[in-house]
């Protein structure tokens, strides 16, 4: 039995394990068992005695043939209880076979527990697997009475088919213990952390879908220095396509923009820096620098730990800008109180987010902080007393709106990268390097948000300087 894999490989056959589409309280009740005591019972039927793995009936078993990114076929054989049947009374069938061509990995479906890799067929024989499965899977379904045995039969017959086409003898198929395999698969299904999350909460169902897209199956995804990828997000750029030291080459290198703009604010002519070892430290610049390094490390490795660093760095950047705006025209004592409160809130939220590991919380926290920043800017420019000069307000407003639309445009093209990845990859292959790099839209998200954030920070600094002049006067 193959270990479960994080990456879907091209021309690979998988067995899918799912929980039924039933209310969450039912799931919690059914699966609250000790998976270490899974047993085997013998059932007497019309065709003799058969072995049954206790617990396997609680899951749905399917077959997924993954050809390449955005192209696969999912075969299923599902039982429909009579009370859930909604069709004409005379047409009820307990077991229904179906197949569908899918563009996204079955892992993205919230009820899928996991995938077990059966065999990879990267040679010319793989081109004929689809036709074989289209013929064999429904044929076996006409005689099957259980989906676990149906899926196992399809897998074993496919292994025999591949061995026959390669003109080799696969003795492992003849000695294969299907019952033991199902026992291990059921234990694997019970153990999975993703499944426990489904059992206890249904929050994953309402998460923003496009933030959870994983683009699996890249040819070199398991060959890199940092392989295999363990992050929840895996972007449209092909893994280790340029060098085995950087998982996502362009997505990693474009973070230089954050670092450059942060250092420019520390050492530039406006910073009043007195040399290389005496930069003008600024909380916003430091947070921009941290984001640059954190995002680089994440995209270079695609490790989940560094994914948290990247996501928390985004929150740190937005909250550093919020702090800089909130403390304007405040007394030194209030500045300390505000800084302590925001620090406590940031640390508490970070701990909560890392423990929950739900991206929706980071998204909500980031956008809420941006909304509060917008409200605070509106207040300072138009409602606060004493008012700033009309000339300054007009200039600042134009630059703030420019920064905002720059970031929003970056967010827009990043979503194009998410939603049309297969089309973009095909087009990149046609035009070739280096022009294909211009179509790595998540990299443009880095560049545009760095420019937008830097522009906004410069406005905040000018407002801060104007407030300082007010105090001196």
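Along the chain as shown, the residues are counted starting at 1.
Positions of Cβ are set from backbone N, Cα and C atoms, glycine also.
Here TrEMBL flags 237, 248 as Ca(2+) binding site. Under 8 Å, Cβ to Cβ, and six or more positions away along its own chain, residue 248 (Ca(2+) binding site) finds 235, 237, 239, 299, 300, 302.
The Cβ neighbour count for residue 299 (Zn(2+) binding site), using a 10 Å radius over every protein chain in view, is 28. What TrEMBL records for 299, 442, 446 is Zn(2+) binding site.
The annotation transmembrane segment is assigned in TrEMBL to 240-261 (among others).
Sequence-remote contacts of a segment are chain residues at least 6 beyond its ends whose Cβ falls under 8 Å from one of its Cβ atoms, and for the transmembrane segment (281-300) they are 226, 231, 235, 245-248, 251-253, 255-259, 261-263, 265-266, 271, 306-307, 309-310, 312-314, 316-317, 319-321, 323-324, 446, 450, 453-454, 457, 460-461. The transmembrane segment annotation in TrEMBL covers 281-300 (among others).
The transmembrane segment annotation in TrEMBL covers 335-353 (among others). Long-range contacts of the transmembrane segment (335-353) within the same chain: residues 308, 311-312, 315-316, 319, 322-323, 326-327, 361-362, 365, each at least 6 residues beyond the stretch ends and with a Cβ under 8 Å from a Cβ of the stretch.
Taken from TrEMBL, the feature transmembrane segment applies to 359-377 (among others).
Tertiary proximity for the transmembrane segment (398-414) is limited to same-chain residues at least six positions away from its ends with a CB under 8 Å from its CB atoms, namely 377, 441-442, 444-449, 451-453, 455-456, 458-459. The transmembrane segment annotation in TrEMBL covers 398-414 (among others).
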Subject >> All-chain count of other Cβ atoms within 10 Å of residue 237 (Ca(2+) binding site) >> reply: 28
Original post:
Here are some binding-site residues: 442, 446. Which one has the most Cβ atoms within 10 Å of its Cβ?
Top reply: 446
Subject >> Where residue 446 (Zn(2+) binding site) falls in three-state DSSP terms >> reply: helix
Original post:
Which of the three DSSP states, helix, strand or coil, fits residue 299 (Zn(2+) binding site)?
Top reply: helix
